[in-house]
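> Per TrEMBL, the features are:
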- B:1-24: region 'Disordered' (REGION)
- B:31-52: transmembrane segment (TRANSMEM)
- B:58-76: transmembrane segment (TRANSMEM)
- B:88-106: transmembrane segment (TRANSMEM)
- B:118-138: transmembrane segment (TRANSMEM)
- B:145-164: transmembrane segment (TRANSMEM)
- B:194-214: transmembrane segment (TRANSMEM)
- B:244-265: transmembrane segment (TRANSMEM)
- B:271-290: transmembrane segment (TRANSMEM)
- B:297-313: transmembrane segment (TRANSMEM)
- B:333-355: transmembrane segment (TRANSMEM)
Amino acid sequence: MDRLIFLTLDGLSRGAVYAAFALALVLIWRAARVVNFAQGAMAVAAAYVAYSVTAATGSYWLGFLAALAAGLLLGAVVDRVVMRHVNHASPLNPVIVALELVLLIQAVLGMIYGSQFRPAEVPFSRSAFTVGGLTVLSPYDLFVFAAVGVVVSALAWIFARTAVGLRMRAAAFAPEVSRLLGVNVGGMLTLGWALASGVGALAAMLVIPTELGLHPHAMDLVFVSAFTAAVVGGLDSPPGAVVGGLAVGLLLSYVSGYAGSDLTPLAVLVLLLAVLLVRPGGLFSTVAARRV
Amino acid sequence: MSATRAVAPPQESPVGAAGRPGAPRRRGGTLLRHLAVAVVAGLLLVGVSYAVEPFRNFQLATVAAYLCAVAGLTVLTGLNGQLSLGHGALMATGAYTVALCQNAFYDRGLTGGWLLPVSLAAAVVATVAVGAVVGVAAARLRGPYLAGVTLAVAIVVPALAVTFDGVFNGEQGLSVPVEPPPLALGPYFPYERWQLWVAGAATLLALVLLANLVGSRYGRTFRAVRDDEVAARLAGIHVARTQVLAFVVSAATAGLGGALLAVLAQSVSPGAFSMTLSLFLLMAVVIGGLGRLAGAVWGAVLLVALPDLSHSVTELFTLSPAAAQRLEGNLPLAIFGTTLIVVMIVAPGGVQGLLSRLGRAVLARWRARRS
């Protein structure tokens, strides 16, 4: 029983990060109809910026802010310099270009930092409190929950309550009409990429210290897990991404706790296939007509 | 916004045009032509294998192994429109099958020239089985979903080698015992030349089969499904079956390519079949031109040549050993990535697309001058 509670809490903490990362994927999918396969590599690049800043200044928080800023900037640059110019007539093209970006970013990171694992700092202790003999969350887990909670609510507020959010939704939903009504559609798209990439950078900052450490490939498996989370929730639904993220986190925690951590990649693949084959639109989808 | 769509090479006739009444069908001619090209290429390869040093022979053999996998992937992605990021994993399947087969043979004390073909065939069969499973799932998925699933396959399958280390021996991998060249070729026959012959023969066989498939009725249904699924279905094509077939064919060549790589390196380990390999294969397809078998040659050559080139480039600069090591592994990737993004945006037809456009322009000018 103790173990179950521990694994549940641990899974929720892991799931919160997947939720944030999945949310970033959903943001770009909704805005540009592109699954950003370069998201993991972009987030790792931001985490390396944090590593450099922290190493130079000695302050975790300066590094943290630098990572978020780098994430926002990288998202905008990727949209403006690369994605904007890709021919979207075939859905394969943006995927291929995103994968090329993965190669490029990982190669550049490898050239600058080398490919050994670097330890990532944490701002709070990762040793868990014990309450009445039960091992529960660590301060770091609470920090993860708080950070993800703040970001998710902030995004919800931006999209539901602000004029910019309304413009972004309009630009994604009906680009032509929005353009006629004076919305800067291109700008909104760039903003969407920047926001998503910033959220991805945050997720990388939160998840990398809990895994092996900083490495150009550190987010590969996290990306697949987050993609699974986004698919579980239906690629179109931000609340679905959050729920999907928590569900994937729980599943992975149980699998690694009860069956061995070697099996977690396999569990992700099985879950992804199962969801796609049984409910391709995700668990939260409404019935959608296939476009002919 | 240079071309209307990257996946449809411009010179191809639209679906159905090939079957219009009155158009002569040249099936026998096509087979003969492909065989002739293969024989010429084979003779050329034998000549080259005597002309160049052993290390180049080994490199050419590696090109052949990659070419096998790249050609299969270009048929799947370029002609059938299914994006697979999992071909590195399929290559791993072939490689591990060959390793297990060869080890099983040698443990039983069997020797002989027939072992390697049997192991290679077993590798193809095993990969076809895996490819059929993935292909059945893939036929139900579209676009980014398919890419995501195959990406997961690419990341998960190498990890399985560590999970089941009783069979696959974890990160260490397995060694692949291979027979020396047959004595009939003489006692001093270089081993690398023999490797090139084996890999070249297997790859040429696979290419001839692929080229015939592409030119046949099946190739047309592949393209029809890629261009418009609904129209293809209305024309009486079983879309899902076609997609599974394309995936299985492409898996078979990927398995053969992986098996050849294992035979060349005489070992397999999960590190050789990482996600990066899968991305590399896709990139080789893109740089050669999606759906062009001749383009696959460019891609495969580049996969082998780039690391070599960047090694020479880094030697031009005086660098600390650590910096040189970092550069050497990653510079080709960076160049590759940048080139590809530019290719994708500027010339979606790839190298072969550029070449054939150039060729047609020259031909048109020549004809204009003659008339």
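Don't overthink the numbers, they just go from 1 along the chain as shown.
Using N, Cα and C of the backbone, Cβ positions are placed for all residues, glycine too.
Help me see these features in their spatial surroundings.
Beyond the ends of the transmembrane segment (B:31-52), by six or more residues, the same chain brings 60, 193, 196-197, 200-201, 204-205, 207-208, 211-212, 215 to within a C-beta distance below 8 angstroms of the stretch.
Using a Cβ-Cβ cut-off under 8 Å and counting only residues 6 or more beyond its ends in the same chain, the transmembrane segment (B:118-138) has close neighbours at 82, 84, 86, 90, 93-95, 97-98, 101-102, 105, 146, 149-150, 153, 202, 243-244, 246-248, 250-252, 254-256, 258-260, 263.
Tertiary proximity for the transmembrane segment (B:145-164) is limited to same-chain residues at least six positions away from its ends with a CB under 8 Å from its CB atoms, namely 82-89, 92-93, 96, 134, 137-138, 170-171, 173, 269-271, 273-275, 278.
Beyond the ends of the transmembrane segment (B:194-214), by six or more residues, the same chain brings 30-31, 34-35, 38, 41-42, 45-46, 49, 57-58, 60-62, 64-65, 67-68, 71-72, 75, 79, 116, 120, 180-181, 185, 222, 249, 253, 256-257, 260, 263-264, 293 to within a C-beta distance below 8 angstroms of the stretch.
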> Give the one range among B:88-106, B:271-290, B:297-313, B:333-355 whose Cβ atoms make the most pairs under 8 Å with those of the transmembrane segment (B:58-76).
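Stretch with the highest Cβ contact count: B:297-313.
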> What residues elsewhere in the chain lie close to the transmembrane segment (B:297-313), defined as a C-beta under 8 angstroms and at least 6 residues from its ends?
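For the transmembrane segment (B:297-313), the sequence-distant neighbours (Cβ-Cβ under 8 Å, at least 6 residues beyond its ends) are 59, 62-64, 66-67, 70, 74, 280, 283-289, 327-328, 331-332, 335-336, 350-352.
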> Is the transmembrane segment (B:333-355) in contact with the transmembrane segment (B:88-106), using at least 3 Cβ pairs under 8 Å (sequence separation of 6 or more) as the test?
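No; fewer than 3 Cβ pairs under 8 Å.
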> If we skip the immediate neighbours and take only residues 6+ beyond the ends of the transmembrane segment (B:244-265), which ones have a Cβ under 8 Å from one of its Cβ atoms?
58, 61-62, 64-73, 75-76, 79-80, 82, 84, 87, 90-99, 116, 119-120, 123-124, 126-128, 130-132, 134-136, 138-139, 176, 178, 195, 198-199, 202-203, 206, 210, 213, 218, 222, 272-273, 281
